[in-house]
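According to Swiss-Prot, the feature Cu(2+) 1 binding site maps to His174, an assignment based on similarity to another entry. Positions annotated as disulfide bond by Swiss-Prot, on the basis of sequence analysis: Cys60-Cys84, Cys95-Cys140, Cys120-Cys128, Cys156-Cys210, Cys167-Cys197, Cys181-Cys209. Sequence annotations record features per position, and here Swiss-Prot assigns domain 'E1' to 50-212 based on sequence analysis. Positions annotated as region 'GFLD subdomain' by Swiss-Prot: 50-146. The region 'CuBD subdomain' annotation in Swiss-Prot covers 154-212 and is backed by sequence analysis. What Swiss-Prot lists as region 'Disordered' is 214-287, 492-546. Positions annotated as region 'O-glycosylated at three sites' by Swiss-Prot: 285-305. What Swiss-Prot lists as region 'Heparin-binding' is 310-342, 410-441. Residues annotated as region 'Collagen-binding' in Swiss-Prot, with similarity to another entry given as evidence: 442-459. The region 'Interaction with DAB1' annotation in Swiss-Prot covers 632-649, and the record cites similarity to another entry as its basis. Annotation source Swiss-Prot lists region 'Interaction with DAB2' at 636-650. Annotated motif 'Clathrin-binding' per Swiss-Prot: 640-643, in sequence order, evidence recorded as sequence analysis.
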Amino acid sequence: MGPASPAARGLSRRPGQPPLPLLLPLLLLLLRAQPAIGSLAGGSPGAAEAPGSAQVAGLCGRLTLHRDLRTGRWEPDPQRSRRCLRDPQRVLEYCRQMYPELQIARVEQATQAIPMERWCGGSRSGSCAHPHHQVVPFRCLPGEFVSEALLVPEGCRFLHQERMDQCESSTRRHQEAQEACSSQGLILHGSGMLLPCGSDRFRGVEYVCCPPPGTPDPSGTAVGDPSTRSWPPGSRVEGAEDEEEEESFPQPVDDYFVEPPQAEEEEETVPPPSSHTLAVVGKVTPTPRPTDGVDIYFGMPGEISEHEGFLRAKMDLEERRMRQINEVMREWAMADNQSKNLPKADRQALNEHFQSILQTLEEQVSGERQRLVETHATRVIALINDQRRAALEGFLAALQADPPQAERVLLALRRYLRAEQKEQRHTLRHYQHVAAVDPEKAQQMRFQVHTHLQVIEERVNQSLGLLDQNPHLAQELRPQIQELLHSEHLGPSELEAPAPGGSSEDKGGLQPPDSKDDTPMTLPKGSTEQDAASPEKEKMNPLEQYERKVNASVPRGFPFHSSEIQRDELAPAGTGVSREAVSGLLIMGAGGGSLIVLSMLLLRRKKPYGAISHGVVEVDPMLTLEEQQLRELQRHGYENPTYRFLEERP
């Protein structure tokens, strides 16, 4: 038998060495335990998780796992404990136990579940009943809370929600962000928590919503925003205008805007009679989104169409407001976390400071928004007046042609009536907006708005009266004009409907109490509404009537003045005024004065103590001295409730 190997000789010669049969079972146990431990550490770092981030995960009845900061692999609990990691406070305690060197201050549940392979729960057998699991780990975060920085890709929207009265988990806040994006037809790209209020509890969430893949969004604006609509050159936008008319009037002040004049629908190929008409009809062309729509709108008017520029400026103003509020909220959250150890009075002062900053910011944005609306309204009024003047010039040119062509006259009349209709629509929308915001102010301007609409109707009737100078043309176009007037009519009778947000007193509209329903405008037969209002007026000869109507139709007549509505809104500026027009205005003024006097008399009669006479009053000698003094005091306007029983005494 050969000599033994050196290793065998060493084992047999060393004193106190355990025999070989005892070492073999120990080695087998170690070899069996190694695959079991390796199965628990088999989970690899997810694609969305950093390899060195501190995290814990656990399922009820299985070994609790934690991430190794050096390798990024999941390791089992050293004490082989099985915990149900559901309570955030228990998760925080376990994180501090696993990572004592990191000074864990808070925990946050991940937004995505990760696969955990061969999670056998410490089974020593070679097989697992359920080897694969999906688990949502908890992140162990050291230090104070800092909101996560989110990337906003091109074409996406950055939004946030704060609810100071609700303290929800991060999972619930993440679901709210998903629901908010889904309600707008978008998908959630990323989210971050705001304003912590406990362990894994937050009062707000910020998130990024992006359009679904394959959705074209070249301008990078919000999906569904009206400013993203682009019209090819030469296209008709009358349909979009009609759709906007069908929508209900917006209630909030921020959403109020005045519809601008758009390109008219022209079915005929007859060229416009004036080159000025071509300059008025705006052409909406797609333009790239400006860097700052507010500055572009105020600084460089006319770069793009008025309606598109206003919508973009309003959207950019809201985006700027959201960015500023988000920055203030972040600073507030950081200051609140840093001031936890300060006295209560100091923390209260800090909160009041940030509240004042937010209030100042809101006031600045509100003033900018009001300035934006007023500028837009002023520009729209100017556009409406220019378009109306151009349409009236075209109508007069078509009538004065030799010989006048019925087709051109009808086309020019349609343009003119639509221009007047836009002014009526603008007046109605302005009144409805004021009624929704300030009912008292709307009550004060009711008479002015009603008078304005009446002036527009009179102006239209006088323009239609010019057709009587050509009886053959008037007879030929009478059916078409009647149909056109019926479709385009929008006068004071439209104010019968209650304005949005108005009180029950406004349900009567702007119609005076003694007025009847306005009938649709009809083609005049040699007379106007002023002639009908004063039947005692003698009828003028055709030449004088024609001169009067031409002077009234061209931008010269009806110098209606109002404190709420500028003169340019009611009638074109001019110099020539006929005597008949002045007489009509005087009659209207006298009627208005009579209504005011009657209203004052009715109000005075409604007083509880009757009218106070300031003339000579005959003293009844049968009255006592006290009653005579009471009469004298009441005559000078003094009303003392103490003496009321004397009046009621028989």
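Glycine residues also receive a Cβ, built from the backbone N, Cα and C atoms like all the rest.
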Quick one: pull the CA-CA distance for Cys210 (disulfide bond) versus Cys60 (disulfide bond), whole Å only.
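Cys60 (disulfide bond) has its Cα 37 Å from the Cα of Cys210 (disulfide bond).
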Do you know the DSSP helix, strand and coil residue counts for the region 'Heparin-binding' (410-441)?
31 helix, 0 strand, 1 coil
Go through Cys60, Cys84, Cys140, Cys167, Cys210, our disulfide-bonded residues, and report the one whose Cβ sees the most other Cβ atoms within 10 Å.
Cys140
Cys167 (disulfide bond): which of the recorded positions Cys156, His174, Cys181 is the nearest Cα neighbour?
His174
Indicate whether Cys209 (disulfide bond) is helix, strand or coil by DSSP.
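It is in a strand.
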Give the distance between the Cα atoms of Cys156 (disulfide bond) and Cys197 (disulfide bond), rounded to the nearest whole Å.
29
Looking only at the region 'Heparin-binding' (310-342), what are its DSSP counts of helix, strand and coil residues?
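Counts, helix then strand then coil: 29 helix, 0 strand, 4 coil.
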Which of these recorded positions is closest to Cys209 (disulfide bond) if you go by CA atoms: Cys140, His174, Cys197?
His174
Should any of the recorded positions Cys95, His174, Cys181, Cys197 have a Cα within 10 Å of the Cα of Cys84 (disulfide bond), which are they?
none
Can you see whether DSSP assigns the residue listed as 'Cu(2+) 1 binding site' to helix, strand or coil?
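It is helical.
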With Cβ-Cβ distance below 8 Å and at least 6 positions apart along the chain, what are the contacts of Cys95 (disulfide bond)? List them in sequence order.
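The answer is Ala54, Val56, Ile104, Val107, Phe138, Cys140.
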Using C-alpha positions only, work out which of the recorded positions His174, Cys181, Cys197 is nearest to Cys60 (disulfide bond).
His174
Among the disulfide-bonded residues Cys156, Cys181, Cys197, Cys209, which residue has the largest number of other Cβ atoms within 10 Å of its own Cβ?
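Of the disulfide-bonded residues Cys156, Cys181, Cys197, Cys209, the most buried by Cβ count within 10 Å is Cys209.
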So what pLDDT does the motif 'Clathrin-binding' (640-643) average out to?
58
Far apart in sequence but close in space: which same-chain residues, 6 or more away, have a Cβ under 8 Å from the residue listed as 'Cu(2+) 1 binding site'?
Thr111, Ser191, Val205
Between Cys181 (disulfide bond) and Cys197 (disulfide bond), what C-alpha distance do you get in Å?
24
